[in-house]
Ligand SMILES: Cc1ncc(COP(=O)(O)O)c(C=O)c1O
């Protein structure tokens with residue numbers, strides 16, 4: 001097979017490429033240049049997009065003896081990931097840019113370009129497994145549960161999965177590092193990247209303020225009583241507790257959390273932890289890794305990266321995905337993905353649009369964060 | 001790696017056997033050419049013989065040869081050193097064509113930090129400096145720099161017009177002849193130029209050596225400070241062995257240039273005829289009618305040059321876009337943009353360049369894969 005290995009400059013993608021070479025494939029390495037100004041992205045070990053990372057990727061390709069190129073996807077990335085990220089926050093939602101990058105860049109723009117140029121597959125260092133199933137290839141959680149990245153791949157459809165390869169899904173991370181060292185890859189002990197690659201200093205609020213400006217508004221409790229002020233709703237995420245800077249303590253002295261964000265009114269609603277509990281949610285833009293479920297589905301759902309798997313039921317109604325959780329979940333932020341699992345298998349995903357505080361069956365319960 | 005078809009001689013050509021021998025022999029000498037003892041004198045002798053040989057090959061006087069580390073340094077010395085030398089006369093500008101290599105263009109642009117001005121000499125659709133811009137080389141211009149042969153398209157520039165404009169205005173004339181030596185008849189004295197840049201690795205010497213020819217009356221200011229080993233213009237111990245290799249390569253390239261030109265013209269003809277016969281549509285040769293026979297810049301409609309380059313690379317062909325890379329990302333050709341191309345066109349060009357070792361078989365190998373590669377690259381949305 002002709003394989004295009006996306007090489008970020010990190011250890012995972014380097015070992016993924018190495019494994020594809022070892023499996024006898026004709027592998028070409030590509031590093032994706034995502035920033036128009038490489039300096040403005042995080043440098044060195046902490047991110048995915050800097051000049052240094054391109055260098056590290058190139059050196060890994062040298063060690064593997066494969067051709068290597070840098071593809072400039074900075075315009076697509078700016079439009080489809082960064083602008084989308086800002087727009088989502090502006091709308092009071094909490095996006096996952098890695099997921100968007102997989103959906104729009106790695107397994108879309110890059111995959112399409114690769115296929116057009118004669119490649120059969122795109123390989124990445126994601127921790128997830130592709131396993132053969134009765135109806136085609138299935139996406140499964142990685143063996144290493146701590147590293148599992150199937151959540152950020154949950155947006156991929158069957159055609160994309162059939163053209164992908166995730167060679168690391170069956171291996172625990174420490175073993176991947178050891179393998180990198182054994183293969184002479186210099187990135188073996190490079191730290192993992194955790195943060196958002198296009199926010200150089202890790203200051204998401206500062207980044208959003210620089211893009212969205214200051215839009216002061218009120219912090220209110222569930223009765224509408226004004227408790228404080230803020231510089232823009234984009235500084236908040238549903239479920240957030242820190243940084244609310246409320247002068248007045250809650251009457252019961254217990255911590256308060258962000259319950260709802262309303263950019264239109266410029267209000268941030270806060271309240272006690274119980275009020276965060278969500279029983280039901282609605283997802284938009286549902287997508288499936290294979291066949292869409294026909295009847296009511298039950299399995300587990302994951303509501304954020306590294307979140308736990310929660311037993312749930314779901315059904316499609318008018319193109320929206322209605323999800324009922326068996327036990328309430330806390331801090332479910334609109335804009336994040338709900339990813340559906342059948343055991344370890346990813347079934348599909350949707351973008352969380354609204355959440356309800358109700359109990360199972362009580363579909364008319366009071367909306368907490370519906371819009 | 002299997003045998004490669006190397007068609008990127010404009011980026012760096014094969015080191016000639018004569019240069020290799022001269023280098024190895026030169027490396028056997030111990031000592032610094034500036035030292036006063038016998039060993040130093042031996043190194044100095046090799047250096048000066050090399051300088052004399054180089055001068056003879058290029059129609060210059062030995063005293064006019066300033067050895068450098070390569071083309072970039074020569075261009076820096078000429079543009080920045082020339083501007084520094086003359087700004088006290090009220091010449092605060094440098095005039096440069098809009099298609100110069102970055103070694104000139106970025107040097108000129110950087111002068112702004114020190115209060116310098118850049119006067120751009122615009123080009124026509126072929127990338128040749130336009131007839132109507134020479135007036136811009138006026139009494140405020142310290143140095144005017146126009147390359148001999150464009151490195152991306154091979155376009156020849158009207159240097160007689162440059163020399164004339166400089167004579168009239170009193171500016172110093174400089175030409176980056178990096179892509180010309182060994183292909184065209186480069187004779188410094190006959191050219192009437194004040195300054196001329198040569199780079200070793202484009203003509204058969206190793207990377208890391210070059211020369212700036214500086215007419216004797218021209219007093220450049222140094223750019224870097226130090227011992228002033230080269231006419232007080234350039235500091236640093238001069239590598240006699242590299243100078244010897246440069247001299248040997250240059251002598252060979254100059255002796256062989258008529259033959260190289262003839263062969264390169266044949267290869268160019270073969271490539272263009274072969275492409276025409278292949279039935280491939282939507283391609284053109286960039287650079288106009290007056291071009292170096294050693295450079296063939298082809299534009300392919302609906303193609304991104306980096307995709308095509310990758311496909312050709314996989315098929316065993318080494319070629320280049322010829323334009324600058326930024327962190328490995330191919331940029332649209334600044335030369336084609338300056339000549340009025342739109343961005344898509346400026347991203348669609350590949351440069352194939354021939355050296356003395358290029359054969360008809362190399363061109364045939366390219367012709368076997370190029371049309372198919374272009375069609376594949378066109379599938380990319
Ligand atoms: C026209 C031109 N000028 C200058 C240079 C730079 O020369 P060097 O690589 O020796 O510094 C090059 C090399 O690419 C060139 O083609």
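Cβ coordinates are placed from backbone N, Cα and C, and glycine is handled just like the others.
What TrEMBL says about a protein is an automatic prediction, not a curated fact.
DSSP gives residue A:101 (active site, nucleophile) a helix state. Taken from TrEMBL, the feature active site, nucleophile applies to A:101.
Other Cβ atoms within 10 Å of the Cβ of residue A:197 (active site, cysteine persulfide intermediate) number 23 in total over all chains. Here TrEMBL flags A:197 as active site, cysteine persulfide intermediate.
Residues or ranges marked as ATP binding site in TrEMBL: A:6, A:7, A:8, A:9, A:10, A:11, A:12, A:13, A:32, A:125.
Residues or ranges marked as domain 'tRNA-specific 2-thiouridylase MnmA-like central' in TrEMBL: A:207-271.
Sorting each residue of the domain 'tRNA-specific 2-thiouridylase MnmA-like C-terminal' (A:280-352) by its DSSP state yields 0 helix, 49 strand, 24 coil. According to TrEMBL, the feature domain 'tRNA-specific 2-thiouridylase MnmA-like C-terminal' maps to A:280-352.
Summarising the annotation, TrEMBL assigns region 'Disordered' to A:352-371.
According to TrEMBL, the site 'Interaction with tRNA' annotation covers A:126 (among others). The Cβ of residue A:126 (site 'Interaction with tRNA') has 26 other Cβ atoms within 10 Å, all protein chains considered.
Within 10 Å of the Cβ of residue A:336 (site 'Interaction with tRNA') there are 27 other Cβ atoms, across all protein chains. Annotation source TrEMBL lists site 'Interaction with tRNA' at A:336 (among others).
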Key: Per DSSP, three-state class assigned to residue A:6 (ATP binding site)   = strand
Inquiry  = I need the nearest neighbour of residue A:6 (ATP binding site) among the recorded positions A:101, A:126, A:336, using C-alpha distances.
reply    = A:126
Request  = Would you mind splitting the domain 'tRNA-specific 2-thiouridylase MnmA-like central' (A:207-271) into helix, strand and coil residue counts from DSSP?
outcome  = 9 helix, 20 strand, 36 coil
Inquiry  = Under a three-state reading of DSSP, tell me whether residue A:126 (site 'Interaction with tRNA') is helix, strand or coil.
reply    = coil
Ask   = So what's the average pLDDT for the domain 'tRNA-specific 2-thiouridylase MnmA-like central' (A:207-271)?
value = 89
Query = Which of the recorded positions A:101, A:126, A:197, A:336 has its Cα closest in space to the Cα of residue A:12 (ATP binding site)?
reply = A:126
Ask   = Among the recorded positions A:6, A:32, A:101, which residue has the largest number of other Cβ atoms within 10 Å of its own Cβ?
value = A:101
